[in-house]
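Participant: Annotations for this protein, taken from TrEMBL, read as follows:
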- 20-43: transmembrane segment (TRANSMEM)
- 35-312: domain 'G-protein coupled receptors family 1 profile' (DOMAIN)
- 55-77: transmembrane segment (TRANSMEM)
- 89-111: transmembrane segment (TRANSMEM)
- 132-154: transmembrane segment (TRANSMEM)
- 201-222: transmembrane segment (TRANSMEM)
- 257-275: transmembrane segment (TRANSMEM)
- 295-315: transmembrane segment (TRANSMEM)
Amino acid sequence: MSRTHPIAPKMDALLSRERLIYTITVPLSTSIILANLIIILGITWNRQLHNTPNFFFLSLLVADMCTGVALPFIPLMGLNRELRFSSCLVAHVFPNFLFLAFLFNLVMVHYERYICIADPLHYNTLWMHRSFPLALLAVWVPPLLYACLPAFGWNNWKGPDWNGCCANSQKLVPLSNCSANATTCCSYRRVFPKAFIYLEVYGLVLPAILTIAGMTGRVLWITRGQLRDICRLHRSVERGTQASDQEQRLNLRYTRCVVAVSLTFLACWVPYLIYQHICVAFLISETTWSSTTQIVLSCTSIGSMSVVPVVLGLANRQYTEPARELLQKVRDRWSRRKHGSDDVAL
């Protein structure tokens, strides 16, 4: 009677988790990449959009597209795999760098638009407009330096607790022999120390998200005040006491804007914040949780966060005008061919 090798069930479980990750992330990644490409081409083809604010947005779109490319690899960091030391560092450092660069670019775009609304008199004298290359370096170099800290030695790779990483333990999923083919057990716990994770979550990610939310709320508040001033001036000119149809349309448009911003924040940021705090809670307690639940939460939360630039880009008709014109030409050509074939049939 043949006996099943003890490693086989563990490898099957690892492969099933990888398949689940690819099943969820590949469609999301493809959609994010294609949407960003459409918006990038729309800005590139329209010379009227070649200015500093749109260049910042182009940088954000490039970072978001790179995040879409790395999206399938980010949830893989939660799995224990057999990789060489250099391969394990690249598999963890590079996706983390792209994610942080995306976040820094997003903060820069929101800050630039916030100053445009909150302080329009000093908008053209911003340091970002006077030295665009320096601003571009500010959103790409710091994420790269911070993400590379584990490669510079801030890691747990030689920690005494990892001697039995591939052996049976309660904390980590066991893998096959670590010494085979000079591979070792690659885990995010070995690459990222707890202090590194805490500093990234509570020193970079959470403050960036709160800053974006604060600037967005402040812009909505300023817009509300400007809308009230417009309605007050309109009533003084019209010498009426009741709201006119134009005022009602303005109020309705503002309400739609608030609802759209609120729904976007709830759908894109709240899942990621919940996932981050759950991960930190399990990291502090040093306990494991359902791998399927972790994979689903990580894929959906990171994917929903990556949709934010796509929503901002699709909301601007100037960015999507070339794509709409191309689609209209295809429709017209298709309709002409269809009518021509009908005439030939008659």
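Placed from the backbone N, Cα and C atoms, the Cβ positions cover glycine too.
All TrEMBL annotations are machine predictions without curation.
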Participant: Select the range from 55-77, 89-111, 132-154, 295-315 that forms the most Cβ-Cβ pairs under 8 Å with the transmembrane segment (201-222).
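Facilitator: Against the transmembrane segment (201-222), the leading stretch is 89-111.
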Participant: For the domain 'G-protein coupled receptors family 1 profile' (35-312), would you mind checking the mean pLDDT of the predicted model?
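Facilitator: Across the domain 'G-protein coupled receptors family 1 profile' (35-312), the average pLDDT comes out at 82.
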Participant: Sort out the residues at least 6 away from either end of the transmembrane segment (89-111), same chain, that have Cβ-Cβ distances under 8 Å to it, and list them.
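Facilitator: Sequence-distant neighbours of the transmembrane segment (89-111): 56-57, 59-60, 63-64, 66-67, 69-70, 73-74, 76-77, 83, 128, 135, 138-140, 142-144, 146-148, 150-151, 155, 186, 188, 191-192, 200, 204-205, 208, 211-212, 215-216, 302, 306, 308-309, 312.
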Participant: Quickly jot the same-chain residues contacting the transmembrane segment (55-77) by Cβ under 8 Å, restricted to those at least six beyond its ends, or write none.
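Facilitator: For the transmembrane segment (55-77), the far contacts come to 18, 21-22, 25-26, 28-30, 32-33, 36-37, 39-40, 43-44, 91-92, 94-95, 98-99, 101-102, 105-106, 108-109, 112, 128, 132, 135-136, 139-140, 188, 295, 298-299, 302-303, 306, 308-310, 312-313.
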